[in-house]
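Here's the structure we're looking at; comments come further down.
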Amino acid sequence: MRTPLVAANWKMHKTIPEARAYLERLLELVGREAGVEVVVIPSFTSLPAAAELLAGTPLGLGAQDAYPEPAGAYTGEVSVTQVADVGVHYVLCGHSERRNLFGEGDELVGRKVQAVVAHGITPILCVGETLDERRAGGVWKVVERQLERGVAGLNDNPRGLVIAYEPVWAIGTGVAAQPSDAQAMAARIRVWLRKRFGARGDRVRIQYGGSVNTDNAGGFLSLPDVDGALVGGASLDPDTFWAIARSAHR
Ligand code: 13P
């Protein structure tokens, strides 16, 4: 019922020529296979080249962030309107690196989600606890707060909303969550989504992210409430990323 969504978050990697070479290779690999939606999320600088290369192909395109104000004196920011102009299908909202390294709070993340939806683009709302929060035993409290505030500006129709559960301690550490823990959290998020959006909550896809690689991807992608993966480091090579995406075929 929910097509798995496997996305490559390149973070701050790749020049434009490197992005082109990657996408040309990935397009060779992907062919016409269906059953999994594959999305690439490059840096802003590579978005126009990527949009051109990916037009009319089965690969989707996302932006790593976007600012909710349509225009104005916000030096260094790129607006939702501007990424919509490039033709992205997805925007990451509230990635833990934005929250923890750049001080983004829940309120700003919520405004981003709202602006992205208003532009007909799908937000990938990232949630997840830090190691300290995990040690303090308040994991669900943290995730619930991020969910509540993240979708505060939406009505009862989540449209294309995607949730990415990324425990911060698992990001870039090589220590992924246990699949059973990822399933337990995804199931809890699903219950919350049903409460918030009614039956429509069942349409929302929930990704797992954090040290996903070719060895562990199959374990995550076969979980009943996990509908995809948000891949960082292991997505930087097109062959490796495709091997991960393929393991989502249901
Ligand atoms: P890694 O796959 O490198 O752990 O990063 C995960 C992530 O942050 C994806 O958004």
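The backbone N, Cα and C atoms fix where each Cβ goes, glycine too.
Since this is a predicted model, take the numbers as computed values, not measurements.
Residues Asn9, Trp10, Lys11, Ser211, Gly232, Gly233 are given by TrEMBL as substrate binders; from Gly56, Gly60, Gly160, Gly172, that same site also lists Gly172. For the pair formed by Gly233 (substrate binding site) and Glu166 (active site, proton acceptor), distance between Cα atoms is given as 14 Å, rounded to the nearest Å.
For the substrate site listed in the record, the two most distant Cα atoms among Asn9, Trp10, Lys11, Gly172, Ser211, Gly232, Gly233 lie 14 Å apart. Across the recorded positions listed here (Lys11, His95), the residue whose Cβ sits among the most other Cβ atoms within 10 Å is His95.
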